[in-house]
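A.B. asks: First, the structure itself, so that you have it in front of you.
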Amino acid sequence: AGSRADVNPDEVASVIWKYFTELGSNAKDTADQLHQSELSKQLNTLLKSNLQSVSAYAEDLQQRLEPFAVELQARLAQDSQRLKEQIRRELQELQAKLAPYADQVHQQIGTNIRELQARMGPYAEELRSQVDRSAGELRRALEPYAAELRERLQDNAESVQASLSPYAERLQQQIDGGVEGVKQRLSPVADELKAQVERSVAELRRGLSPYAQEVRDGLERQLQSLSAQMERAAEELRARLAASSEELRAQLSPLARELREAASGDAESLRQRLQPLAQQLEQRLGQSLETFRQQAAPFGETFGQQLVQRLEEMRGKLDSGAAGVEDHLELLEKEVRDKVAAFLSTAAPPQN
């Protein structure tokens, strides 16, 4: 019937965390009902998409999750000040104990930043090259369809109409296959960028270990926070690449749909409807692919800049002992994710 693996705790936690943060940014007396309704809708969508075969379990789980989420939000809001104070105190203690080694720590993080930038550059360029190559290959695969449509217009109307639907289906299949090919070519580069993140944090941990004997726990928490930020950035990069590919599909697919719609009309006016489409087809293909290329190609450089910014922020915190709002939110989010995972582990699905 299903198992706990059917529901990804991170996805559920993301819905609840969004509810928590949005509620915190609105007047509570006017937002509670609206946001709880939105929470219910989002949880319902998530559970239905993951638990289609166990609807009774999904319904039961949602009924338990909603009050859990509301109660969790209320408790974390009360504990928020305590968490802020805890972060501030830990960072001040860490900064004071690292003070004798401040120059070495500052230099070590600077070295790590330079090494990360040096490693990120080739991968960012590789991602750009793969985007360009993928767009070019898809353009070459689709351009013959524009030429074929122009040729078909020379046939008689009945022949054109009879062949148009199969032609549109082939075009759609080529679009779908091309977009999936784009995703497959870009995914390994995203994997490599994520591996570089893990390597960079491990090297920084080794580089700081001589200065961390008395502050091992505090420094490890900072490194874990840095690692979580960087991994989240890597997942966001992967998601942005996938979203750009799907946006490309959404821009190209109407071409096939318009052809199918044209085929359903009367044969006499078919040529009149197809003539402008045949003229536009190649241009629209080119515009869609160029938009994709311009949007996705810089993602690698942006990702590298994000990682350097995270390292700079960590260096600033160790220099000053001052915590930012991000530290507070990260700790709160970690608590949300831990508690959601624990909750779901107790919400066993029905057995066959």
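Cβ atoms here come from the backbone N, Cα and C positions, even for glycine.
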A.B. asks: Scan 69-104, 177-212 against TrEMBL and say which stretch is down as coiled coil.
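C.D. replies: Result: 69-104 is the stretch TrEMBL calls coiled coil.
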A.B. asks: According to TrEMBL, which listed range is coiled coil: 120-151, 216-247, 312-343?
C.D. replies: 216-247
